[in-house]
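The following features are taken from TrEMBL:
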ACT_SITE  His37  active site, proton donor
BINDING   Gly147, Glu148, Lys149, Asp150, Val176, Arg184, Ser185, Ser186, Arg187  ATP binding site
BINDING   Gln153  (R)-pantoate binding site
Amino acid sequence: MRTLHGHREARALLDAHRAAGRTVGMVGTSGAIHEGHLSLVERARRENDVVALFYAGVVRLDWTPVSAQVYERDIERDKELLAAAGVDLFLVMRRDDLYARRPVTFLAQSELVPDVPGLLGHDHASILATMVISMLNIAGPCTNYSGEKDWQQLVLFRRAAQDLLLPSTVVGCPTVREPDGVARSSRNVRLTASQRAAAPVIYRALTEAARLVHAGERDARAVTSLVADRVGGVAAVDYVHAVEADTLRPLDHLAGDVRLLVSATFGDTPLVDNIGVTVPAQTGRVGAADGGASTGNDTTKGVE
């Protein structure tokens with residue numbers, strides 16, 4: 001694995017690979033590498049000739065709170081894991097590689113930032129999307145692999161790349177889970193033993209809600225209330241939303257591709273998760289093959 005220093009070196013080297021006919025897979029991360037990140041790298045490795053990892057864990061921008069989240073990071077450990085997973089090029093994003101001073105140009109994606117509690121607000125979403133698109137500009141033509149766990153971010157990044165006609169494709173990858181269903185996250189290490197033991201309730205509640213939709217429930221409030229009731233017994237529920245998967249539009253009546261989003265705080269550690277449910281337009285006997293809702297392993301395909 002080659003370590004790169006600065007975006008100019010990264011861009012020149014990636015351009016050289018493409019000129020030689022090689023495809024590029026790109027993964028971005030803020031560090032504290034876990035199996036979820038590694039699954040993105042492994043998919044990029046399978047589908048591309050060159051894998052580039054953009055590591056933003058050391059970026060601190062004075063003018064925005066977006067980079068203020070702090071996880072314990074061991075960059076040397078992270079590099080060892082990423083090299084073993086197949087990363088070819090490792091770029092540590094520095095302050096000067098992004099924005100040493102506050103930019104005056106930001107992405108505005110108002111239609112993808114619904115006015116609902118808990119989801120990213122306009123300013124936060126705008127800054128985050130702008131930073132990610134800047135990294136895609138540095139990477140050049142590539143396939144970017146992003147996890148589905150942070151669904152709103154994935155939708156923002158994918159739509160921004162499409163709208164700005166970037167020569168990049170943003171691919172969503174299924175959430176990687178522990179055997180008990182807990183989504184892999186850098187935050188999990190902050191849970192106490194009792195909080196970790198309670199955390200599987202989130203995914204259990206989501207899958208129960210998906211089964212409720214599969215059985216014919218179409219009232220979004222009934223579905224989100226079920227999740228809130230189940231999770232609320234052991235954690236503080238920050239939000240539960242049923243949204244249109246591609247637009248993030250809040251739904252009252254469930255139809256089409258739906259995403260159930262939840263955030264709950266265990267002690268002082270917030271955990272987010274989501275699941276996809278597909279509700280066919282036609283009516284008929286319940287069942288994925290018969291016109292009923294189908295649920296997937298965090299995607300919107302297949303029957304769980």
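Glycine is no exception: its Cβ is also placed from the backbone N, Cα and C atoms.
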> Which binding-site residues from the set Lys149, Val176, Arg187 come within 10 angstroms of the residue listed as 'active site, proton donor', judged by C-alpha positions?
Replying inline: Val176
>> Neighbour count first, Cβ atoms within 10 Å, every protein chain included; then name which of His37, Arg187 tops the list of recorded positions.
In response: His37
> Just how spread out is the ATP site if you go by the largest Cα to Cα distance in Å among Gly147, Glu148, Lys149, Asp150, Val176, Arg184, Ser185, Ser186, Arg187?
Replying inline: 16
> Do you see any of the binding-site residues Gly147, Val176, Ser185, Arg187 whose C-alpha is within 10 Å of Gln153 ((R)-pantoate binding site), and which ones?
Replying inline: Gly147
> Does anything in the same chain, at least 6 positions from Val176 (ATP binding site), have a Cβ under 8 Å from its Cβ, and if so what?
Replying inline: Glu35, Gly36, Ser39, Gly147, Ala183, Arg184
> If you run the three-state DSSP split on Gly147 (ATP binding site), which class comes out?
Replying inline: strand
>> Say we define neighbours as other CB atoms within 10 Å of the CB. Which of the binding-site residues Gly147, Lys149, Gln153, Ser185 has the fewest?
In response: Gln153
